[in-house]
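Working notes, structure below.
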Amino acid sequence: MKNDVISPEFDENGRPLRRIRSFVRRQGRLTKGQEHALENYWPVMGVEFSEAPVDFATLFGREAPVTLEIGFGMGASLVAMAKARPEQNFLGIEVHSPGVGACLASAHEEGVENLRVMCHDAVEVLHKMIPDNSLSMVQLFFPDPWHKARHNKRRIVQVPFAELVLSKLKLGGVFHMATDWEAYAEHMLEVMSSIDGYKNLSESNDYVPRPESRPVTKFEQRGHRLGHGVWDLMFERVK
């Protein structure tokens, strides 16, 4: 796996462009298990960043609906979803290599073959590698809420990002978000509702019950015990 997780963008004069990122690089120390997984399973399941669009049929060796998960953490729920739906293809993106290693180890242990992972900036991957009208589902679960007001602009869910996701979804594809931060849920709802081309799948036009397809994480279980809420939002591409 290459170490160039984040490639700067350049202007017409070749100068690097600065753009606000929605994450902080916290690479952390790899455990021996994570290191072993990166060395041994990355060649099979890992995808290097490329400037060229990916061909999903070639990448997965078959034609099947593709779900993209952005920021899969340690990968437990992503692996569980891929194992539960072997008829679908899953691509996960995570910027922190310990999480990528943990996901690879878990996928290998569970015998999951319909999963590929990347260690790169998801926005750049969407721009450069994901073909338009190619995804059946985009998942964004528990992104950093950047709860301080001065940091709100760092939240990944902003109008340009949501419009980018829209362009990558097939007609009828769904953008599924979840957060345990109510103010961020309200922000997500406001952003998504402002974009022509999305339809809110909530009967009350706000949030949906957690679908069975999204596993409950340990983090989420702990939150429930402490009385914390979780908000799911699902928006379908309709035009």
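Yeah, the Cβs are placed from backbone N, Cα and C, and that goes for glycine too.
Swiss-Prot annotates Glu94, Asp121, Asp144 as S-adenosyl-L-methionine-binding residues; of Glu63, Glu69, Glu163, the candidate listed for that same site is Glu69. Range annotated as region 'Interaction with RNA' by Swiss-Prot, chosen from 96-101, 150-155: 150-155. Of all Cβ atoms in the shown protein chains, 8 besides its own fall within 10 Å of the Cβ of Lys148 (substrate binding site). Taking each of the binding-site residues Glu94, Asp121, Asp180 in turn and counting other Cβ atoms within 10 Å of its Cβ gives the largest count for Glu94. Taking the recorded positions Glu69, Asp144, Glu220 in turn and counting surrounding C-beta atoms within 10 angstroms, the largest count is reached at Glu69.
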